[in-house]
Amino acid sequence: MDPKRPTFPSPPGVIRAPWQQSTEDQSQLLDQPSLGRARGLIMPIDEPLPGRGRAFSVPGEMPVRFGRGITQSIAAEPLVGMARGVRLPMEEGGFGRGRGFLLPTPEPTVGIGRGAAIGPVPTLDIQKAEVEEKMPELQAEVAPTVAKVGSPGTGSSLVSMFRGLGIEPGKTWGRGAAPVGRGAAGDMGADLQPKPTIIGASLTPEREEVRSEESISFLGRGFTGFGRAAMPHMTVGRGPIGPLSPSPSVAAPFSLISASSASEDAPVAPGTPPKVEVKIETVKEPLQKIGTKGSPIPIGSNYIPICCKNDAVFQYHVTFTPNVESLSMRFGMMKEHRPTTGEVVAFDGSILYLPKRLEEVVHLKAERKTDNQEIDIKIQLTKILPPSSDLCIPFYNVVLRRVMKILGLKLVGRNHYDPNAVVILGKHRLQVWPGYSTSIKHTDGGLYLVVDVSHKVLRNDSVLDVMNLIYQGSRESFQDECTKEFVGSIVITRYNNRTYRIDDIEWSKSPKDTFTLADGSVTTFVDYYRKNYGITIKELDQPLLIHRPKERSRPGGKVITGEILLLPELSFMTGIPEKMRKDFRAMKDLTMHINVGAQQHTQSLKQLLHNINSNNEALSELGRWGLSISQEILVTQGRTLPSETICLHSASFVTSPAVDWSRELVRDPSISTVPLNCWAVFYPRRATDQAEELVTTFSRVAGPMGMRVERPIRVELRDDRTETFVKSIHSQLTSEPRVQLVVCIMTGNRDDLYSAIKKLCCIQSPVPSQAINVRTISQPQKLRSVAQKILLQINCKLGGELWTVNVPLKYLMVIGVDVHHDTSKKSRSVMGFVASLNSMLTKWYSRVTFQMPNEEIINGFRVCLLAALQKYYEVNHAFPEKIVIYRDGVSDGQLKTVEHYEIPQILKCFETIPNYEPKLAFIVVQKRISTTLYSYGSDHFGTPSPGTVLDHTVTNRDWVDFYLMAHSIRQGCGLPTHYITVYNTANLTPDHLQRLTFKMCHLYWNWPGTIRVPAPCKYAHKLAFLSGQYLHSEPAIQLSEKLFFL
């Protein structure tokens, strides 16, 4: 009972109905009719029974507490409360509302819907003996469809529902248990009511006084037991129910006790085994996420259907008495009882999963080896899971890893590779290991094996070999150069195929040093590798590499901390060398083996499936859990979204199938351009010719694009040192404050010079800047095309607008958010925030915030959002009505955090603006996913066209999500982007969300085509990358309305 709710005592001389007392006193009388919530069929009954109506009558001026009717004095005969305020006198008996059907009864009986009113219905005159005679037949008909569930024990959640109501769990309360409707109402007369017997309840004098008063009132949605819940004396529903009105000689089915004693055990017959609560996991209803716009097409994916032959997986809780702390001891004790549990188990120390059902409670005995203590092991059934339950997925993946090992694949990191199929690139001293990344997922379409082709690039050179090369090149700064080269990189030790990240180099130690083993013995590194791996260490004076693993627990309770020391001679570099990334020919040779097309990709998948299904040992391992993997790749129906129209200043056109409009962009004027009247070019003396040629080309190509470019201020530098550039730029900006743009022509890829220029132009003296590598403008045949692209980028940085698409939503703000890690302080991260300022989505506002690991990202997000809203109001003289946020950098495990923490904080931001409640859609953008899509036709797999969307079968069961491939693929497979709608009050349907997202992928002005993510996300990424990689500080606020970071 709500303590804040006022009490209304009954008028003197009026007796309150016993079922009304149960509401006020939080207890129920023993011999009164039981109240249930059956939605079953209507059966004949022997006397009027109470239901629940939404209207009722009360005597005199007594305050109305229940229902929605009006107050009226009551005559001798009762009135029935009809639906929502309709009152009707009845001569005898009554009826309630029936939403279903009424079975034929000895006399016609009427069921009525909401709001209907009917005249009196005669009370059915059926003797109890007649009902009792019919009971066995009715039970026999119902029994086959009723599942038997034991009555709950003390700790049952079913019992807790009634705790505090004074009801002892002597019988199961099922949904359809009680033969009375949804509640009690009316007054049957004092002479008809059974005398209450209170067991274990203590009533205060005030309560006793209230009970002695007289009252007539109605509670519930009906009057008699006709309608939703009336039933005869029968056991229907999810548990056994005793008779409705037990005779005084029969024990009552329920004992009424006080709230303080509600948790006592129910009396059970001698010899009855204890009952435990077993939960059955329910199947979730699918979410409405499927769109209809676009052309249907067949789509293939790297999802392989998995069939579960078992009916269920059974979850047990294992208790050790006395307690056993060591996990390894627990595993050993459970292994001794495999004859009971079976050979197929999944056990984590306390939760046990089996594919077979044991008794509800099983007691086993074991002996602790350390002190010979006898341990009692209690295995109690707690939950019955469908075989596709999310709780089963982790140990299904363990089974899958065993299968991959059976096939001869080696686990490196999280993926499996085939060392027997290695590809040697001798010219580049590289090895490519082909392999697979695999996982089992439960999606909207069921249980699937997700397989992706993976490649591991290993170098033939060990870390020691690279150290020798560095020593030959720079002996003076040898250790510093080694630290720059190795710290942060990933190495593999081939004696165990494990990968490690190098965190530091220990120069003071060598393989001749000793270390302590797990058993306490001391040995040298040389002896350790000779005894355990048969490896002879050749270089005895090499330093050691340090790997600091993240603190984590291993099975057995052992916590891994400290450092792992590795030998450079046995550690091999992984990944593509930085020098090789800049070598076009070397990268072309490598990508031939890494970037496989759709047909080759699917062939690799089919080969793996064939290997699994043709290996008896692998099939046996899967069959232990009732799993079987199909040999066919999933093919389902997707859609291709309609093409978009690109709008320039005075021209518009529909995109081509390749979604590339670079020709139209340089042929027609942009939406708006900024005249380049005062700008400066800085270049070293040896790049004078290239600088002059570039300025001339700017003048030739600017006209057709709608730009006006004046002659720049030329500043020739005597050298290309960083100090020379910075001093010259600072001097020029000081002497000529009207400079709109700084262009720097640099020789080579120099991060230090680039960072210094950007810090000066983005923080100290805010002005848009353009850095150009001299190699980019050194080829005359490509100079015109390069100049056009640079001019378009410059126009964006100055505040110009290039193109847009038609977005029908007015007063819309689209926001992009991405997070990047600051390279100067590895623990610090930077968030880029970009928001649109106009309905055409061509004006953007950008901000940056830095935060430490223990600081929530939402703190800086709130500041950026309020600033963007204020700027939007300054531009439009109104706040946006709808806000769509695209949030990048969120993994599946962080979705609930975003939903329960970030979004409420965003909503609180809106409360700071009076009378402002915008509609919000929050969409998470995921690029690093394992899903691959293929076009399919004539038994041939290809690359999907841009605009391909898939919003069912492979989607997440818990969210409204879809996969969209917005960009054009020239080589490799179709890698879509996953969009998850975490929050949506903007009334945007799945079609709206998909089409808006596709439109936003057209608006990245650095590329005249579609990109993989929405443009605001890409802008936010570029801004966060610039700030975290080079600036290490927030850019000046003067640049916030320009895309200076492109």
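Just so it is clear, glycine is given a Cβ too, placed from its N, Cα and C backbone atoms.
The annotation region 'Disordered' is assigned in Swiss-Prot to 1-35.
Here Swiss-Prot flags 1-12 as compositional bias 'Pro residues'.
The annotation compositional bias 'Polar residues' is assigned in Swiss-Prot to 19-31.
Note on the domain 'PAZ' (462-575): mean pLDDT across this stretch is 83. Positions annotated as domain 'PAZ' by Swiss-Prot: 462-575.
Residues annotated as domain 'Piwi' in Swiss-Prot: 741-1032.
Among the features that Swiss-Prot reports, active site is placed at Asp818 (among others), with the record citing similarity to another entry. Every protein chain considered, the tally of other Cβ atoms within 10 Å of the Cβ of Asp818 (active site) stands at 25.
Taken from Swiss-Prot, the feature active site covers Glu856 (among others).
Cβ neighbour count for Asp888 (active site) (all protein chains, 10 Å cutoff from its Cβ): 23. According to Swiss-Prot, the feature active site maps to Asp888 (among others), an assignment based on similarity to another entry.
The feature active site is assigned by Swiss-Prot to His1021 (among others), with similarity to another entry given as support. DSSP assigns His1021 (active site) to a helical segment in the three-state reduction. In sequence order, Asp818, His820, Gly832, Asp888, Val1013 make up the list of same-chain residues 6 or more apart from His1021 (active site) whose Cβ falls under 8 Å from its Cβ.
The domain 'PAZ' (462-575): residue composition by secondary structure is 32 helix, 33 strand, 49 coil, according to DSSP.
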